[in-house]
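Marked as region 'Disordered' by TrEMBL: 1-22. Per TrEMBL, the feature transmembrane segment maps to 69-89, 101-127, 148-171, 191-211, 223-243, 255-273, 311-334, 363-382.
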Amino acid sequence: MAHVENADIEPISSPGNGSDVSTLASADIPSNRIGKSQLSQEISPHALEKLDTARTCVSDDIPGNRRQIGVFTATFLVFNRIIGTGIFATPSTILALTGSVGMSLTVWFVGMIITMAGTAVYLEFGTAIPVNGGEKNYLEYVYTKPKFLATAIYASYALFLGWAAGNSVIFGEYLLHAFGVQVNRWNQRGIGLVCITVAFIIHATAVKWGLRIQNTLGVLKLVVILIIAVGGLLGCAGFTGLVTSNVPGGEGPPTVYGIVMGLYNVIWSYVGYSNANYVWCSASFLQQRIVSLTIGQCLSETRNPVRTLKIAAPIGVAMVGILYFLVNVAYFAAVPKEEMLLSGRILAASFFRNVFGFKAERALSTFVAFCAFGNVLAVLFSQGRIVQALGREGVLPFSRFWASNKPFNSPAAGLFQHYIVSVVVMLAPPPGDAYNFLLK
């Protein structure tokens, strides 16, 4: 796999033999984290040789105006990437699968613990192995043989899954509901197509404005979720006049299948916590010009990335975990169980109607739709840069095309690749369980 060099992209390593060197460009192991002697016990000699080679790479200074991502933006990258519409759309499904309110809340709590554990693993990898490339390089360190196996698997995973499709469709569903239009197969997909197209155009032509919109929608998500949580607490206290019978127990024993599938849906609602590592950069290379954004990581665009990673990741994940649990309590406090089971993916709309009235339901459903749009922006932002980095390492055919920043100084080609895959996933399959599985 040949390393790609072009005038319009920043090199990630000195010329070498393929991706062996380029995947580990600008690497530096902090002495307070892990030493080479300790590293040699964990990592193969082949990986250590690549690491030593990468340390010899020299780059230019990064312009200060390129570093646009601080703690606030990084936190909302994580927050936006995790919170799409899972918390608004899946609690009714999880209740139906688990069979009881108590088991449903237990499954949400277990999912939160799993997410925190996963975040800790990513933080450990990110600070102990500060290498441009995220999960791909972590897998290459652990699984060195067969050569390029981890690279090929990760590239397939990154290229052929339409991560942005699901929330684009739910954007259409909530927007149609807000305007009182009957939802069918094609009108929700048509609006979803408009949603993902607008997101692609924004990130391809105006990176700074894309980040600003993501931050704004991240704040909007936080406001909407706080409204739900506070409204539910008011319902529990009797201020809304609602009396529900959603008390734990009394529904019969849950099935193993229901618990497992419920936990799967909870974990799907938390997908995106690994975005914490998307803001990583080696501390000792802060003043160097490294690759603009490699596999899943906003590297040269991050200010003080060591501090950013350590602060943004725990804050983002902790915010999501606490708010998810409070929102579930709010749903059970304000929406009767039978209505929850019938509401499907528009459970949040039922909550707004019961607590705040019909007009508020429509207005807040619009807000939920734009929360989904924020997630689509966050997914495209990261996935487009994954494709660009694979091109820069020579993994993809026509690597110069995928690696280019032309014509808007953004990874437009990588963004377009994920856009096309997401559109196919969104429009091609017929409705049903298989379609819902693909969206998730």
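Note that Cβ sites are derived from N, Cα and C of the backbone, with glycine treated the same way.
All TrEMBL annotations are machine predictions without curation.
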Beyond the flanks of the transmembrane segment (69-89) by at least 6 residues, Cβ under 8 Å: 166-167, 170-171, 174, 211, 214-215, 217-219, 221-222, 225, 265, 268-273, 275-276, 278-279, 298, 301-304, 307-309, 311-313, 315-317, 319-320, 323-324, 327-328, 344-348, 368, 371-372, 374-379, 381-382
Range from 101-127, 255-273, 311-334, 363-382 with most C-beta pairs under 8 A to the transmembrane segment (148-171): 363-382
Lying 6 or more residues past either end of the transmembrane segment (363-382) yet within Cβ distance under 8 Å of it, the residues of that chain are 77, 80-81, 83-85, 88, 163-164, 167-168, 170-172, 174-175, 177-178, 195-196, 198-200, 202-203, 210-211, 213-214, 217-218, 220-221, 223-224, 227, 272, 275, 278, 296, 346, 348-349, 352, 356, 415, 418-419
Cβ pairs under 8 Å with the transmembrane segment (255-273): which stretch of 101-127, 191-211, 311-334 has the most? 101-127
The transmembrane segment (191-211): which same-chain residues, six or more beyond its ends, come within Cβ distance under 8 Å? 68-69, 73, 164-165, 168-172, 175-176, 372-373, 376-377, 380-381, 384, 408-410, 412, 415-416, 419, 422-423, 426-427
